[in-house]
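One structure below.
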Amino acid sequence: MAARKLAPLGPNGGAEDSLAKTNAFFRKKTLVLFAMVVAFFVINGVSGAFVEFDFVSAAVDVPAGIVWMLSEFAPSASSLEYLDSIMPALGSTILASVASSCIAAVFSFILAVLGSRSVGIGGPMALIVRAIASIFRNIPVVAWALVLLFSFKQSEFTGFLALFLTSFGYLTRCFLETIDEMSTGPIEALRATGATYFQIVVQAVIPMSVTSVISWVLYMIETNIRDATLVGILTGTGIGFVFDVYYKSFRYDVAGLTLVTIVIVVIACETLSNYIRRRIM
Amino acid sequence: MTDKGNLLEVRGLTKCYKGDVKALDNVSIDVRRGEFVTIIGASGAGKSTLLRCINRLIEPTTGTVAFDGREMTTLGKHDLRLARQRISMIFQHYNLVYRMTAIENVLHGRLGYKSTLAGALGLYSEDEKALAFKVLDQVGLSDFAYTRTDQLSGGQKQRVGIARALVQEPLLMLCDEPIASLDPKSSRTVMERLRWVADELNIACLVNLHQVDFALEFSDRIIGLAKGKKVFEGTPDEVNEEVVHEVYGDIDIEGLPGDRMVPTIVQADVAGGTAGASSTGVA
């Protein structure tokens, strides 16, 4: 295994030749880049003209738009009085998000264990579980809310159910991946001791997957608080409804305050879940 | 304890995977109580399949396995669970639940004895806990009872694996490459523990090994497998160059028989994993 003597990488004596080659190479690069920039502006101009989008006037309008938005939506001193009506709605939205994520997690985990390729019950179950997860996950939460409105009317429960169903699909998918990535060794070892299926799930599968399950549930709660605002507008509940009401009654300052509270909650939730994740990992 | 009859009688064991591939081809072996038997063979020779057919982690295609006077291959789900109580197993990769402490992992060995619910909830009796601490002490890890197993070294992990096997109060221990992932010093500790298990506790050990030198040193009897067939059976004294050639195929072996210095060349096979019998000509 002695180090082999390396052969020279190229034919010697071609220094001038290779210099010319290098120059040609970089000239070509510059030309290609230039052509790409020109093409970008041409395509942009043509398609912009087609939809009557004028980049220049848009660029001029944007600062004015932002100024208008800031001045109208900035929470005013008088809007603070409305905090009393915002906070309960915010609270119910947070609780609905937490509840929908946690309850979905329970069902998802059971389904994911049964349907996983490594510890599942086998047969067609793996396919069935994946199909269920895929259906619930790929219907957007807004579509669920609109569909469920017919059956359950404008209520907290409709919003909860819409969040629950999407969370359920999403978490099932995540848990399936988590469980299938797990090492199957301990499961085999417990099987060899004579442990039953349920014992194996509780004593090995859950301990091995619990941290990433918690991590996914925290992520789901964050997502659901964001989505709950949109769902609330549709189902007439929670913080989304509050925002909608003030927005439509031209109290933009109060609507703005509502937005600020939502942003604060989402950031707080993200910080908290990052902290928890660091602690458990 | 004085009964030196056959604890395990395997007859004509064959395992076919899809199609005609025979992982095991008509293998018959006997193991007496408290006997230390080593199975040597290249990767893919069927060693792991053989062990797993005994406790039916893998279902054999044909053949019979009589363990402690009971036929294993025809047992129903419930009876299989009872039979597995007395057959324990340790693994190359230890197969511990790393998020749990050593003592919790050891107690997993009792699951086969417990009702589903009590086992799942980890409701072990005082006697079982006392036994768990005793076996943990026997493998020299009593100080690490409450240490999470991912904090332990490889050798310590394997000793937790042995403790989990011992807490089953087994008659037979199946050891699947117990030292293949360990350094030489830890390997020796683990092998000495296993030999002690056979001698002092009268628990038969059936051990898959890659390291011929360890097999020669520790075994009562050695069985050679090649391509699913038993090609050798005898005492360590009977292992010679010819035997090793038959088991491992064409590799250079120096110092055999005589001084028993089998080069570690066969260990290179460990890295080959499941590459199959063809990977033996590593030298």
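Each residue, glycine too, has its Cβ placed from N, Cα and C.
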The annotated transmembrane segment range in TrEMBL, which must be one of A:59-79, A:227-247: A:227-247
Interface present between the transmembrane segment (A:127-151) and the transmembrane segment (A:227-247) (three or more C-beta pairs under 8 A): yes
Distal contacts, the transmembrane segment (A:197-221) - CB-CB under 8 A, six or more residues away: 97-98, 101-102, 104-105, 109, 113, 119, 167, 170-171, 174-175, 178-179, 182-183, 186-187, 190-191, 269, 273, 276-277, 280-281
